Amino acid sequence: DVDMAMIEQLREAVDLLQDPDRLSTDVSERNVVNFYPVESAEALDLQDSALNGQIQLETSPVCEVQNDLTLQSNGSEYSPNEIRANSPAISPTANSTGPFGLKPRSVFLRPQRNLESIDPQFTIRRKMEQMREEKELVEHLRESIEMRLKVSLHEDLGAALMDGVVLCHLVNHIRPRSVASIHVPSPAVPKLSMAKCRRNVENFLEACRKLGVPEEKLCLPHHILEEKGLVKVGITVQALLDVTVTKSLFT
């Protein structure tokens, strides 16, 4: 029996030497058998379950993070303190500048002026000073007209000028025939109609314009007709006097 076994082994060795493909196949089969031994189904199940358990334990922190993120996105049972604790710390200077290093517009905005901080005494003094200047201008207007026309105007200067008669006589006194036709009251009709008053006022303003009074210093018709713009009228009359004085100096 021993001799027969040795003969069989020698025969197999000769066959393997003559057929190298068979040798490589046997070697690969033996390697497979050696590296991957066959085990029972129960052992494989236990190994798989153990492997799955290990994977489950290793991946459980990731799942918890995903669950926390899901709760945070849904806004359910996630307190602001937890969000603040989990969120990364941001320095105060991180948001001080916008893209490309530009500062937000709020940096350039000036603080709103507090109206309550204005001194009421200053407001009253400024108002009184303005009223004093206007009164002086109106008195100067009265003196200029009375001195040139040699008349005494009514105490209510606005009522004395509203029909435009005095103003037309003033411009004709400065430059004769500047206003060709003047509507004047008569004993029968002591008060002119509004249409005639407007015509006198418009003729006066047109004469001032022709004599060289700048447009920005010309008052409007309603400043005279409605007796609400004596300061504007005073500016117009003063400009008219200044223009005529300047022209007389250079002629």
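Cβ atoms are placed via backbone N, Cα and C, with glycine included.
Feature annotation from Swiss-Prot assigns compositional bias 'Polar residues' to 88-97.
The annotation domain 'Calponin-homology (CH)' is assigned in Swiss-Prot to 131-244.
Summarising the annotation, Swiss-Prot assigns phosphoserine to SER87 (among others).
The annotation phosphoserine is assigned in Swiss-Prot to SER91 (among others) on the grounds of similarity to another entry.
Following the DSSP three-state reduction, the secondary structure of THR123 (phosphothreonine) is helix. Within 10 Å of the C-beta of THR123 (phosphothreonine) we count 10 further C-beta atoms, all protein chains included. Look at Swiss-Prot and you will find THR123 tagged as phosphothreonine, backed by similarity to another entry.
Per Swiss-Prot, region 'Disordered' is recorded for 73-97.
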